[in-house]
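What TrEMBL says about this one:
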- 753-770: compositional bias 'Low complexity' (COMPBIAS)
- 87-167: domain 'Cadherin' (DOMAIN)
- 168-276: domain 'Cadherin' (DOMAIN)
- 277-391: domain 'Cadherin' (DOMAIN)
- 392-496: domain 'Cadherin' (DOMAIN)
- 496-618: domain 'Cadherin' (DOMAIN)
- 753-774: region 'Disordered' (REGION)
- 613-642: transmembrane segment (TRANSMEM)
Amino acid sequence: MPERLTEMLMDTWTPLIILWITVLPSIYMAPMNQSQVLPSGSSTGLKRLNEEQRVLHRSKRGWVWNQMFVLEEFSGPEPILVGRLHTDLDPGSSKIKYILSGDGAGTIFVINDKTGDIHAMKRLDREEKAEYTLTAQAVDRDTNQPLEPPSEFIIKVQDINDNPPEFVDGPYHATVPEMSVVGTFVTKVTATDADDPVYGNSAKLVYSILEGQPYFSIEPHTAIIKTALPNMDREAKEEYFVVIQAKDMGGHMGGLSGTTTVTITLTDVNDNPPKFAQSLYHFSVMEDVALGEPIGRVKANDLDIGENAKSSYDIIEGDGMDIFEITTDAQTQDGIIRVRKPLDFETKKSYTLKVEAANIHIDPRFLSGGPFKDTATVKIVVEDADEPPVFSSPTYLLEVHENAALNSVLGQVTAHDPDVSSSPIRFSIDRHTDLERQFNINAEDGKITLATPLDRETSTWHNITIVATETRNHSQVSRVPVAIKVLDVNDNAPEFASEHEAFLCENGKPGQVIQIVSAIDKDDPKNGHYFLYSLLPEMVNNPNFTIKKNEDNTLSILAKHSGFSRQKQEVYLLPIVISDSGTPPMSSTSTLTIRVCGCSSEGIVQSCNVEAYVLPIGLSMGALIAILACIILLLVIVVLFVTLRRHKNEPLIIKDDEDVRENIIRYDDEGGGEEDTEAFDIATLQNPDGINGFLPRKDIKPDLQFMPRQGLAPVPNGVDVDEFINVRLHEADNDPTAPPYDSIQIYGYEGKGSAAGSLSSLESSTSDSDQNFDYLSEWGPRFKRLGELYSVGESDKET
């Protein structure tokens, strides 16, 4: 259809365009200044009038063309003629050549260089490119010289309705509250059309609803969706599927259209009250249920959701309003009934409650629909349970004097079984609370007795736990704390608060207070302590000291005279009797030590012993101690010196009773290898020629002269070492001047008769004589020296 329409238009417009372009140069036109653009086109070859001319007359232009147009999406068997270029300089002799350049020149648009006809070679799409800017020029065909300057013109692509509307943001989702009035805004949709909105009605859109009526409507031009029915109920239908159509060409026939979907969800409002599933609930509970334990649940259903479905529960009537409570489960919106106070089957066996469920969030718009709450009746039956014994008191307090007799009764606890069967009760003491087993209890009547003596001064309170157990069911146990307070009796005598030692100045005056002492008593009388002080009967007429009771329950010691002397008597002992005011009264005797001291004129004690009279003038006790320490140090130095001298003069000869074989001598001196010829020379052992008789030992000087026998005659190097050692050993055994211990000496003789042969180099001269040691020279300097030594030995042997 578009192709056919384009062909019809082109068949009609093409002669008009050609005619218009060819005839236009002869039209009379008004003069225009250079900055204006002619409505019919532009020409650089236009002959302009003098600006001073005011008379209008016909002006002959070189060549002029108008703005050209071409339909989009046009296709045919031949290229489309867009327009024709012509100049009046062209006499028709084909000497003028037309050249086209710019957007799409040569590819999309082609010009006939002889006639100036411009053809569109391809199918154009306005949505891709709406206009093309090209440049035309007329040149001489032979010389290619421009006859006129180049001129720019535009080819516009004319739109046709070839693009349907599109909903770019679709599909849509929208919400609207339920029970809304008609015309409530829901949402707005938007469609776009790629066609030219200026040219024709190709992009003029009209909206309509294809599906979703009669619930919703849409504005045809604004695309605003609104509710079309009142009081739509979410509980009846929550979601609606709406199809919207957008049609171009103003909605007329032949226009293109596009559709989208809108899912509209009704949001909840609180328009439904809660409702109990049943009007009467029955629950049963054991009487020993723990406090706070849930015993049942009730549920009020609400057709609403979310916050609108939340309800609160309350007990509004009943005989157990103070016994039970109801709370709301935040997850399930159930009403949970719990026990607030203990239940007792023997006292009350059933309860009746009236509970109410009410919405928390109420919408005032729907109050006219009725109260948003509901009630139900709850019956609770209490069942009997085997309960533990119950004590007559939650705690017990007993008092006992600390001098109470053993097995005396301190008090009694009582308990009973609250069950109808009333099982007998047995009592016992939790020994974890009475580790020292100071108390006993009668298992039948609960009387607590004393098992061991008490002492208030050791422990004033004793806390024990009494256990009551049913005899028929030992699992039923109750416990009660018992506090036992030990009352005080006067069983402790007072005594000095601390060990006192008084100091008396030699230059003291009569009546001077020497010391103030205080007393303590472990007992705790109700009216406080009151002590009486006195001297022993035989010390009442003490010639030196007297006592005086003070108001603060202390005692002052006073001197009767002056002239006390350390030389005459250094220390005085004053026994003092201390008595309390208890019943019966208790007393004790404490002795006060009074030391005579030397004091300054201000009465400050300086010295309390006789050293000032014994030591020389100006020599204190500290100086005496320093002198004594120096003497002891000198004696220690002398003893050490003598001991070292004695050890130095001891002889090296071991005593006769010592076993020389038990003396281990260790030498850590290592040899320097075979190149070390200075550390030890074994030639003395191999060559007896160097020994001229007996050589005495160097460790002692023999007192007796021993004439060694004459040594063997010198022989060549081939001496028998075995015979040499035997001779030396015989001489050492028969020498009376030799010390009684053996000297450890190392000899190079290994013995004879070994099946393995000798490994020593000392005997290498008598064996392996045919061995050649020249190869050792190739191993390096050290082995070369070793080879020379062995080679020398071989040559000496041959000699």
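Easy rule for this one: first residue shown is 1, then count along the chain.
Glycine residues also receive a Cβ, built from the backbone N, Cα and C atoms like all the rest.
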DSSP residue counts for the domain 'Cadherin' (277-391), split into helix, strand and coil: 10 helix, 57 strand, 48 coil
Whole-number mean of pLDDT values that fall within the domain 'Cadherin' (277-391): 91
Number of helical, extended and coil residues in the domain 'Cadherin' (392-496), per DSSP: 3 helix, 47 strand, 55 coil
DSSP residue counts for the domain 'Cadherin' (168-276), split into helix, strand and coil: 3 helix, 46 strand, 60 coil
